[in-house]
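As recorded in TrEMBL, the features of this protein are as follows:
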DOMAIN    B:32-312  domain 'Aminotransferase class V'
MOD_RES   B:K196  N6-(pyridoxal phosphate)lysine
BINDING   B:R339  substrate binding site
Protein chains: 2
Amino acid sequence: MFEEKLDLRLPGPVQVPKEIQRAMLRSFDHPMMDYRNPAFQDVLQETTEKSKTIFQTENLVIPLTSSGASALETAIINTVGPNDTIILCVVGYFGEYLQGITDHIGCKTVRVDAEWGKIVDPEDVRKALKENPEARAVFATHCETSTSAINNIKEIAAVVKETDAIFLVDAVSSIVGTPLYMDEWGIDIVATGGQKALMLPPGLALITLSEKAWNTVNDHQCPSFYFDLKLYKKGLESGTGTPYTPNISLVCGLLEACNMIERNGGIEAEYKRHAALRDMTRAGVRALGLELLVDDSAASPTLTAVKLNNADEFRKMMREDFHIALGGGLGKVKNQILRLGHMGYTDAADMLKMFAAMELALLKTGYEVELGAGVSAAQRHWLENPYC
Amino acid sequence: MFEEKLDLRLPGPVQVPKEIQRAMLRSFDHPMMDYRNPAFQDVLQETTEKSKTIFQTENLVIPLTSSGASALETAIINTVGPNDTIILCVVGYFGEYLQGITDHIGCKTVRVDAEWGKIVDPEDVRKALKENPEARAVFATHCETSTSAINNIKEIAAVVKETDAIFLVDAVSSIVGTPLYMDEWGIDIVATGGQKALMLPPGLALITLSEKAWNTVNDHQCPSFYFDLKLYKKGLESGTGTPYTPNISLVCGLLEACNMIERNGGIEAEYKRHAALRDMTRAGVRALGLELLVDDSAASPTLTAVKLNNADEFRKMMREDFHIALGGGLGKVKNQILRLGHMGYTDAADMLKMFAAMELALLKTGYEVELGAGVSAAQRHWLENPYC
């Protein structure tokens with residue numbers, strides 16, 4: 001009956017808040033569409049200015065009309081050429097994207113790997129930098145969306161900062177939900193997308209660069225016209241805007257997302273809210289007797305991976321019987337894990353609903369579960385930490 | 001009082017029909033957001049299938065989450081490398097984009113230029129191909145948006161077809177509004193964007209390739225991960241979709257645009273409708289005593305450039321007094337021309353309103369104009385050709 005009803009408890013794309021839907025809709029038949037005029041340029045200026053807070057930076061934030069994956073590529077092709085070396089920190093499926101990008105360029109890559117579900121040891125990065133002193137850049141995923149593990153970006157940044165290399169971070173599924181202090185930690189490039197904890201529908205990517213990174217970019221011939229960051233910097237700083245037609249409605253949506261975050265107490269409140277969502281989720285999962293893929297010390301505030309045999313059959317039941325979509329395993333953990341998304345437009349009651357439905361679906365698929373166990377553990381956590 | 005009121009008589013972005021607004025809005029809180037599932041994959045399949053009609057092709061149509069400019073780059077970087085030669089047909093500001101792309105790659109370019117407002121002589125292309133037999137590709141703009149001139153794509157295609165080179169066409173502002181028969185004419189790659197006569201807000205590009213083009217693509221190492229067409233082909237043909245998160249709402253909008261065109265009698269009816277809009281516009285402009293930039297034989301059905309001194313002051317009055325936005329001159333014709341957009345969501349009455357307001361604005365800026373002259377010429381044209 002309810003074909004179009006579905007709770008998106010996914011690791012993105014996420015549900016789009018009504019506020020953002022209205023902000024986007026407003027742009028469709030509006031003077032902003034004449035985008036070289038102040039009606040839009042003022043909005044663009046305000047949006048890029050307010051976006052700085054979500055990166056905890058004073059650097060220029062550049063919106064790209066494209067998906068998050070393109071921001072990773074943009075970070076690399078503006079700084080690393082075919083004859084250069086780059087160190088990649090890979091801890092899962094999306095870390096492999098970085099290898100996909102460098103394979104296309106044909107540059108030399110040095111990998112610092114960790115098992116799926118684990119994170120990179122910053123000392124391994126130090127070793128790789130020592131063994132490859134010519135390395136121009138180190139790239140690490142912040143939240144590895146395929147495993148829900150959070151790399152220790154602060155410590156890796158401290159290691160890279162001691163060298164001439166620049167430090168690039170994929171913050172696609174971490175931004176807003178996970179503490180990330182670009183300037184304080186000394187990250188050189190942060191690349192992200194809008195369709196995760198920023199609560200936008202897909203189609204907008206963001207990238208921001210430190211002065212050290214801009215020095216590299218300015219000395220580097222970017223092979224792409226569309227993703228040449230020098231052209232974006234020139235346009236945004238001179239007030240003429242992006243070099244190519246921007247996704248006007250998503251920029252309007254981003255401004256509303258920034259305003260929503262501001263109204264709710266700012267970015268630190270978002271970190272606290274997502275941490276509370278993570279912790280109540282982990283309490284519920286444990287109470288159901290299920291195993292978490294990632295240790296507490298590296299657990300993402302935006303999604304939680306849970307080991308489960310025949311996970312896809314379970315997901316199918318959750319979807320068909322209860323209209324709740326859960327993420328599944330990618331690549332080598334396909335059908336072996338659930339990924340429970342709790343980023344963006346999600347509150348405590350959404351998670352309680354999910355646990356109540358999961359208890360029924362577990363029972364129906366043959367697990368021994370005490371009804372109410374997951375829900376009440378999550379409830380108890382919320383009573384102590386009512387931040388979400 | 002009406003700060004948000006503005007008729008967009010621009011060469012794009014255009015007004016978004018209510019039907020498309022609703023189709024996009026529907027996607028925001030919908031199972032389609034879980035885009036690897038059939039709820040979206042079926043829509044994607046239907047959309048790419050229906051999009052074939054707007055290119056008049058049987059080839060696979062690939063949606064890119066990016067602006068139109070990126071589709072031009074995608075066409076080139078998937079077929080031409082740093083050691084290759086490409087022939088560029090440049091007749092205005094957007095033709096120079098092609099040079100911008102090849103400058104980034106560093107390949108050898110041979111230019112076939114025409115004066116702004118004029119078009120390329122196909123015999124000059126033949127000569128360039130003879131003098132540069134190693135040329136891998138010829139790239140021509142179909143509608144040069146900065147001048148409103150339409151290159152003779154059919155004849156250029158016939159010339160290129162006699163060689164091993166492939167023929168690439170920028171159809172960003174021509175698609176849907178201007179006859180373009182990809183398969184019949186033998187074009188190898190057509191690249192376009194959604195924010196012109198396709199009536200979408202910006203953020204989606206489309207590209208389609210002939211078998212001859214795919215043979216080149218398959219033998220070529222694409223330097224970009226995000227724009228590697230081989231990955232898109234593999235994903236779309238296997239039913240897993242685009243390799244990266246697509247702009248789901250714009251794909252839904254594109255499907256509705258295709259359905260609107262279909263309901264109105266198909267793509268040929270759109271050609272006829274746009275030709276009628278062009279011809280009534282040209283009749284009105286002439287009756288106002290203004291000079292058209294482009295000869296009838298090369299005039300675009302999607303926009304019309306008109307010579308006018310101090311055009312930007314005139315545009316300001318149109319915008320402030322009558323809430324009508326007209327396009328202005330780009331690059332070397334800045335402030336010297338108007339560009340009147342009549343693509344997509346535009347009907348005859350919209351053009352009559354524009355002419356009525358233009359008559360007043362011309363009078364107020366010191367021109368001698370007989371009130372009603374432009375309007376009645378356009379009306380008379382419509383009485384004979386009521387196709388818009």
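If you go along the chain as it appears here, the first residue is 1 and each next one adds 1.
Note: Cβ is positioned from N, Cα and C throughout, glycine not excepted.
Remember, TrEMBL labels are computer predictions, not curated facts.
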Cα-Cα distance linking B:R339 (substrate binding site) and B:K196 (N6-(pyridoxal phosphate)lysine), given in Å to the nearest integer: 14
Per-residue pLDDT averaged over the domain 'Aminotransferase class V' (B:32-312), given as an integer: 98
DSSP state at B:K196 (N6-(pyridoxal phosphate)lysine), helix/strand/coil: coil
